[in-house]
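Peer 1: If you look up Swiss-Prot, you'll see GLU113 marked as active site, proton acceptor. According to Swiss-Prot, the domain 'Radical SAM core' annotation covers 119-355. Here Swiss-Prot flags CYS126-CYS361 as disulfide bond. Annotated [4Fe-4S] cluster binding site per Swiss-Prot: CYS133, CYS137, CYS140, in sequence order, evidence recorded as sequence analysis. Look at Swiss-Prot and you will find GLY188, GLU189, SER220, SER242, LEU243, ASN244, ASN318 tagged as S-adenosyl-L-methionine binding site. Residues annotated as active site, S-methylcysteine intermediate in Swiss-Prot: CYS361.
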Amino acid sequence: MSETSATSLPVTEPLPAPAPAKLVDVASLSLEALSRFVTEELGERAFRAPQIYRWLHQRGATSFDEMTDLSKVLREKLRARAEIVPLVKDCELRSTDGTIKYRWKTRDGRYIESVYMPTEDRRTLCVSTQVGCAMACGFCMTGTMGLKRNLTPSEIVAQVHAVNREVRKNEGHETLRPLSNLVFMGMGEPLHNFENLKTALSILQSEDGPNFSHRHITVSTVGLVPMIERFGKETDVKLAISLNASTDEQRSKTMPVNRKWNIAALLDACRKFPLRQGRRITFEYVLIKGFNDADEDAHRLIELLKGIPVKVNLIPYNENPGLGFHTTGEERAEEFRAILADGHVAAYIRRNRGRDIAGACGQLANRGETQAGTDSTT
C-alpha cells in the first residue's frame, strides 16, 4: 500500500481557537453570589468574599491590584476570571447653586448622567438606572432618547463610588462615604430594570458595602403597577410616585404608562404598599402652566390621595426645548400648595437644582457630550 504524502491530504480550515471564558463582572455580584464565585470558581475559602466585597464597595477599588491584603495568587486568579467594569468620567458641569452633573461613559460607549446636590445638612446623589428610557413621558428629555439598554448593578453602584471619590477629592472629606442620601430619579425607569436595581440596592445597603440606611434611599417610578408590589415585598427603601396629573385624560397625554395602568390602578397599588411605621409615599407632581396647575387639579388631587399616607413634592416644570410645555410661576405654585395644605395634604414646593446645567428634574439627556475633563455646556 502506497504511503500518502502530506501534500495529498485534504485541505481544511484550521479549527478556531476556543473562545476565552467570559470574565465575571464581579462588582455586579451580591455578597452571596460573590461567596459562591470565590469558593466554587476560584477554590478559595469563604472569608475571602467579604474581604473582596469591602474592597469593591467600601473603598471603591477600581482594580484588583489595589486589594493589597489579598495574596498575589488570589489577585492573579481574580484577573484571570473576573473584571471590574469601569465608568469613565466624560465631564462634569457645575451649577451656580452648587449642583454638579457628572457624565459617565460606559465601556460600550454609552453615556449616563448622575447629579450631586449638596446642601448644609445632606449630600444627595441622583442616580441613573438605564441608558435612556422607554416610558416616553412627554415633558421629560430622557424620554426623547428611547431606551438603549439597562445598566448593570455594577454600573448603578459605580456612580455612587465615583461621586464619593469626587466629593472626597474636591471637598476634603476623610470619610469613605461622604454621600448621605440616594435618589433613583436619574435617567431611566428604575422598576423597568428591577432585578439589577434590587441587586444594586443590596450592595448599597450592605454592612460590607457603603451601608446606606433604608431611610436615606428613595426610588421613583412612573407607575409600573405590578412592579410596585414586588418592590414593596423585596426591598425596604422609600417609594416615590411620579403622578403629575389629576385626571386620566391629562396623565395619558403626557405619560403613556397611564394607558396601561391608570390612576385608579396606580393608587390602589399605593394603598396596598407595605409601609414601615411613620413612613409615607412621596408623590411627585410636576407643575405645568395651563395644563395641570388649576385650582380644580389641586382639589381633585386631595380626593385622589385620601387614605394614603403621603407627602406631595410640587416641582415647577423645568423647560426643555422643543417639548412645548412651560413652567408654572412661583405665585401660582404657592397657591396650589396652599389648597393642598387646606385639604390636609402635606405639600412642598421643591427647589429645582442644576437647571442651568440641564441637571434638574426631567432634563437629563446627555446634551453637550464632551471629552473627558471639559466643562462645556454646549
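Placed from the backbone N, Cα and C atoms, the Cβ positions cover glycine too.
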Peer 1: Restricting attention to the domain 'Radical SAM core' (119-355), give the mean pLDDT.
Peer 2: 94
Peer 1: Of all the binding-site residues given, SER220, SER242, which residue's CB has the most CB neighbours within 10 A?
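Peer 2: Highest number of other Cβ atoms within 10 Å: SER242.
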Peer 1: Nearest to SER220 (S-adenosyl-L-methionine binding site) by Cα, among CYS126, CYS133, CYS140 (recorded positions)?
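Peer 2: Looking at Cα distances from SER220 (S-adenosyl-L-methionine binding site), the smallest one goes to CYS126.
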Peer 1: Measuring C-alpha to C-alpha, could you say which of the recorded positions CYS126, CYS137, LEU243, ASN318 are within 10 Å of the residue listed as 'active site, proton acceptor'?
Peer 2: CYS126
Peer 1: In terms of Cα spacing, which of the recorded positions CYS126, CYS133, CYS137, CYS140 are within 10 angstroms of GLU189 (S-adenosyl-L-methionine binding site)?
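Peer 2: For GLU189 (S-adenosyl-L-methionine binding site), the recorded positions whose Cα atoms are within 10 Å come to CYS133.
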Peer 1: Measure from the CA atom of CYS133 ([4Fe-4S] cluster binding site) to the CA atom of SER242 (S-adenosyl-L-methionine binding site) and give the result in Å, rounded to a whole number.
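Peer 2: Cα of SER242 (S-adenosyl-L-methionine binding site) to Cα of CYS133 ([4Fe-4S] cluster binding site) measures 14 Å after rounding.
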Peer 1: Under 8 Å Cβ-Cβ from CYS126 (disulfide bond), six or more apart in the same chain: what's there?
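Peer 2: Spatial neighbours, sequence-distant, of CYS126 (disulfide bond): SER114, VAL115, TYR116, MET117, VAL183, PHE184, MET185, GLY186.
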Peer 1: Looking at the binding-site residues listed here (CYS133, CYS137, CYS140), whose Cα lies nearest to that of LEU243 (S-adenosyl-L-methionine binding site)?
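Peer 2: The smallest Cα gap between LEU243 (S-adenosyl-L-methionine binding site) and any of the binding-site residues is with CYS137.
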Peer 1: Can you see whether DSSP assigns GLU113 (active site, proton acceptor) to helix, strand or coil?
Peer 2: strand
Peer 1: In angstrom units, rounded to an integer, how far apart are the Cα atoms of ASN244 (S-adenosyl-L-methionine binding site) and CYS137 ([4Fe-4S] cluster binding site)?
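Peer 2: Here the two Cα atoms are 10 Å apart.
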